[in-house]
Amino acid sequence: MIRTFMHAKLHKATVTEANLHYVGSITIDEDLMDAVGIMENEHVHITNNHNGARIETYVIKGERGSGVICLNGAAARHFQVGDVVIIMAYGQMTAEEAKTHRPKVAVLNEQNEVDQLLYEEIAHTIL
């Protein structure tokens, strides 16, 4: 059986832009994408730590080193500049593959730079 597991997470990202009139998606600094293995057009879930909103969309590459986290289209109604968010991507694998799988988790600072890179989701950790 194939199951779905988290493979990448950008934790504590800060929204830098919200563009209502853009055609959907989220724009992410390509350096951040590379840090955790998220690819262009990949399906992601985004949660807003400020208001509890949770959406699904796809990724557009943003300028390297810019720190950009921009919610585009209708998502801009639920995310505002300065909101802290979590961006998660999932992969499908067998139960056997999942036994050795370790997701990449980048904990970001307020400038959307990688502060910590983890290879597991630690239970009961407050970051």
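Placement of Cβ uses the backbone N, Cα and C atoms for every residue, glycine included.
For Ser25, the entry in Swiss-Prot reads pyruvic acid (Ser). In three-state terms derived from DSSP, Ser25 (pyruvic acid (Ser)) belongs to neither a helical nor a strand segment and is classed as coil. A C-beta separation below 8 Å, combined with a sequence spacing of at least six in one chain, links Ser25 (pyruvic acid (Ser)) to Thr57, Tyr58, Val59, Ile60, Asn72, Gly73, Ala75.
The feature active site, schiff-base intermediate with substrate is assigned by Swiss-Prot to Ser25.
The annotation substrate binding site is assigned in Swiss-Prot to Thr57, Gly73, Ala74, Ala75 on the grounds of sequence analysis. Of all Cβ atoms in the protein chains displayed, 11 besides its own lie within 10 Å of the Cβ of Ala74 (substrate binding site).
Marked as active site, proton donor by Swiss-Prot on the basis of sequence analysis: Tyr58. The Cβ neighbour count for Tyr58 (active site, proton donor), using a 10 Å radius and every protein chain shown, is 13. Secondary structure from DSSP puts Tyr58 (active site, proton donor) in a beta strand.
Other than Thr57, Gly73, Ala74, Ala75, the residues of this chain whose Cβ falls within 8 Å of the Cβ centroid of the substrate site are, in sequence order, Gly24, Ser25, Ile26, Ile55, Leu71, Asn72, Ala76. When other Cβ atoms within 10 Å of the Cβ of Ala75 (substrate binding site) are tallied across all protein chains shown, the result is 23.
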